[in-house]
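Below is one structure, written out as structure tokens, with a few remarks after it.
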């Protein structure tokens with residue numbers, strides 16, 4: 001039977017929370033399965049944020065949470081939120097959530113789409129799809145090569161020039177040059193974002209993840225964003241900011257996948273005549289996934305890691321065929337990047353084109369891998385615990401600092417001052433980092449070194465002293481390690497190299513690029529190369545500076561800085577083990593006690609403690625270092641770090657989605673009320689659906705259609721077909737964008753009511769699929785003015801009608817009111833649905849479920865209210881015997897609801913007697929408690 005209640009305007013889910021939400025009186029509704037309470041929220045449409053924004057925010061850094069103060073510092077559900085705790089949003093954050101629109105994974109299965117499909121040349125082999133995957137891989141690999149070369153050039157110029165001043169004893173001049181050089185590039189990197197393209201800021205990974213999950217985010221896949229991302233990333237990383245290029249590379253790879261596959265450009269206003277069949281939502285999203293994986297592969301030189309990272313973290317929809325195609329794309333991307341990086345250094349040919357050099361394409365190649373031991377799993381597990389704890393602390397502090405930055409910026413009334421602060425912050429970061437890099441090493445003494453010649457009787461370039469053992473070192477960057485220490489002289493005496501040269505431990509970690517610091521930390525057979533002091537100081541500096549720098553207004557990633565942080569505390573633990581058990585250089589039972597090996601395991605543990613990925617991190621670490629011997633210890637540390645981190649925070653990249661208030665639907669529902677998991681199989685679709693629903697007829701009056709679009713911001717409208725008995729039943733679904741396109745094409749209007757087109761006439765529909773996909777040509781800002789022309793009685797279209805038969809989705813899914821809520825969630829998340837219509841037994845529309853109706857916080861609120869209502873009925877049932885007027889004191893109770901709960905009471909009592917259950921005054925309690933598992 002029809003559901004009667006107060007109106008609820010969240011049919012689409014894109015703009016459902018219009019205005020401030022206030023819980024109204026309890027409203028009871030009934031269907032053939034369940035009797036529950038709905039929490040109805042009144043909307044103040046005139047003052048809603050979604051009406052003001054119209055589109056989703058493009059620069060989240062200016063959005064401040066004004067009502068966040070009532071949350072404590074470690075309030076569960078905010079920044080401190082175990083994975084089993086649903087994130088809690090403020091009312092203003094819910095407004096921002098509501099401003100984002102969803103997008104379908106599958107194209108609308110309309111008659112014009114079917115006609116368009118018939119015209120496409122599709123072979124069984126799908127050669128064109130493989131060609132496109134190869135093109136995307138090559139383009140992303142080439143982009144990664146160019147990015148790496150520019151960053152290397154900027155970085156080498158900075159450090160080499162600064163070192164020249166230090167060698168001459170001009171420390172102050174060196175600091176001034178280093179600071180000014182770094183500040184100039186940092187301000188330039190921020191200016192590109194702040195003054196030109198705000199959507200290119202940050203890593204871009206949360207936005208891409210949200211899009212692949214089904215949320216439309218504005219301006220993240222256009223050419224300007226790609227250019228701004230590239231410029232900002234190269235400038236910021238090249239100047240020495242403690243950030244990495246991997247996140248931006250993922251975003252740029254996604255843009256490449258979107259742009260190349262569609263072959264269109266709004267900026268240059270062209271459309272290529274190739275690959276037209278890929279211009280649909282499903283193929284576009286698959287090619288974006290390929291670009292993401294290729295970005296990881298090109299950045300890390302890790303094709304398998306790129307595939308796993310995309311599958312595990314970014315893409316929400318996957319298939320075996322897509323795995324093969326994306327793997328091929330990753331191979332091409334990695335091969336292209338490795339080939340050119342092996343042949344060029346700072347864009348200068350090194351005369352070996354075609355030869356892949358491991359020192360050039362394996363970023364942190366380990367030369368002397370050690371054999372593992374079963375005892376190695378104990379410190380590996382300890383590193384996993386440290387990774388989980390420090391990774392959670394990193395996530396919480398980053399979120400706290402980002403919220404503080406937003407609040408401070410929002411409190412400033414002058415836009416120019418806000419821009420100045422956002423430009424100045426990266427410059428301040430670089431002043432601090434330059435000061436640390438130059439002055440802090442001077443606080444540590446220079447260390448002498450002695451070494452033995454190699455087996456070939458040649459002297460190593462640079463060897464490190466170890467009081468009791470002498471050995472070769474793998475240090476490759478002699479000119480960047482001495483800092484202000486005396487280079488001294490070397491001489492041979494027999495088989496031993498004697499030297500009075502010295503080196504600075506902290507300079508190895510700070511006075512160089514992050515890549516060189518990583519190589520030094522991963523070195524094997526260099527047990528006492530670093531002491532505790534430099535390692536602890538570097539750990540503190542990197543930990544807090546990465547948190548600060550990654551939140552500034554530049555294109556920044558954090559993957560490489562995360563590896564540095566993990567390597568530092570991993571090396572510390574390795575040094576503790578060496579101090580306890582000594583140095584073992586030979587291939588003996590104890591040779592596994594190498595601080596360099598524990599540095600690698602520490603990197604993996606911190607990576608896992610922050611990102612909570614397992615297969616992807618393991619594969620990436622192996623491909624980064626070429627050290628397969630430590631595979632099992634790395635896997636152990638990764639798993640332990642994930643377990644520990646899950647008890648404190650959500651994964652970092654998911655926490656960023658929550659911070660930016662971007663809707664995201666997990667593959668599995670997580671609803672927890674009163675510290676207990678809720679079993680969604682015990683609830684129905686009617687419990688969560690939005691109602692009543694705004695519908696359209698198969699042949700609709702043009703002014704009526706325009707008025708419906710003016711009166712609400714819904715983006716999905718069920719299409720009804722009238723039966724001979726006069727009842728209207730669900731026939732399909734059409735989107736707001738498609739309706740706007742139809743209204744723009746006035747040639748399809750016809751005067752007076754008429755019969756819908758038959759199947760023979762559908763192939764000659766005036767509007768093609770290309771137009772429907774492209775969307776309305778009118779700018780969104782003038783949509784209201786455009787629609788008002790149709791509702792005027794003097795309009796020439798007042799008596800005109802429009803036939804929707806060729807254009808609506810005939811394969812739109814619907815479920816019954818009694819359909820399991822858990823299965824409805826699975827249906828929407830697995831198929832990428834934007835709308836799911838709820839119908840009764842007569843196929844009449846009763847409600848609508850969208851992605852936002854299934855978000856964790858919304859289901860906790862709604863289902864929690866339902867459970868409270870059932871508790872209310874229990875108390876009410878008991879209280880009626882205590883009052884002479886029975887239910888008369890509760891006028892809000894519907895008679896049908898009353899009878900239904902009385903039936904449940906009788907059934908509960910019968911079940912209790914059958915099971916000999918004692919001490920239960922009201923058996924309905926048992927029914928209600930079973931909701932929670």
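Heads up, the Cβ atoms here are built off N, Cα and C, so glycines get one too.
Remember, TrEMBL labels are computer predictions, not curated facts.
Quantities reported herein were computed from a predicted structural model and do not represent experimental measurements.
For reference, TrEMBL has these:
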DOMAIN    804-865  domain 'CBS'
REGION    1-25  region 'Disordered'
TRANSMEM  130-151  transmembrane segment
TRANSMEM  171-196  transmembrane segment
TRANSMEM  287-309  transmembrane segment
TRANSMEM  374-399  transmembrane segment
TRANSMEM  420-444  transmembrane segment
TRANSMEM  529-551  transmembrane segment
TRANSMEM  558-578  transmembrane segment
TRANSMEM  598-618  transmembrane segment
TRANSMEM  630-648  transmembrane segment
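Distant neighbours of the transmembrane segment (171-196): 154, 157-158, 161-165, 224, 228, 231-233, 235-236, 238-241, 419, 422-427, 429-431, 433-435, 437-439, 442, 484, 552-555; these residues of the same chain sit at least 6 beyond its ends, with a Cβ under 8 Å from one of its Cβ atoms.
Within the same chain, the transmembrane segment (598-618) packs against the transmembrane segment (287-309): three or more Cβ pairs sit under 8 Å, each pair at least 6 residues apart.
Segment contact holds for the transmembrane segment (630-648) and the transmembrane segment (374-399), given three or more CB pairs below 8 angstroms at sequence separation of 6 or more. Beyond its flanks by at least six residues, the transmembrane segment (420-444) meets 61, 162, 166, 171, 174-175, 178-179, 182-183, 185-187, 189-191, 194, 236, 239-242, 409, 412, 483-484, 504-507, 510-511, 533-534, 537, 541, 545, 548-549, 552-554 of its own chain at Cβ-Cβ distances under 8 Å. Here the transmembrane segment (374-399) has Cβ contacts under 8 Å with residues 74, 79-80, 543-544, 546-547, 550-551, 565-566, 569-570, 573-574, 577, 592, 597-598, 601-602, 604-610, 632-634, 636-650, 652, 655, 659 of the same chain, all six or more residues outside its ends. Helix, strand and coil counts from DSSP across the domain 'CBS' (804-865) read 25 helix, 16 strand, 21 coil.
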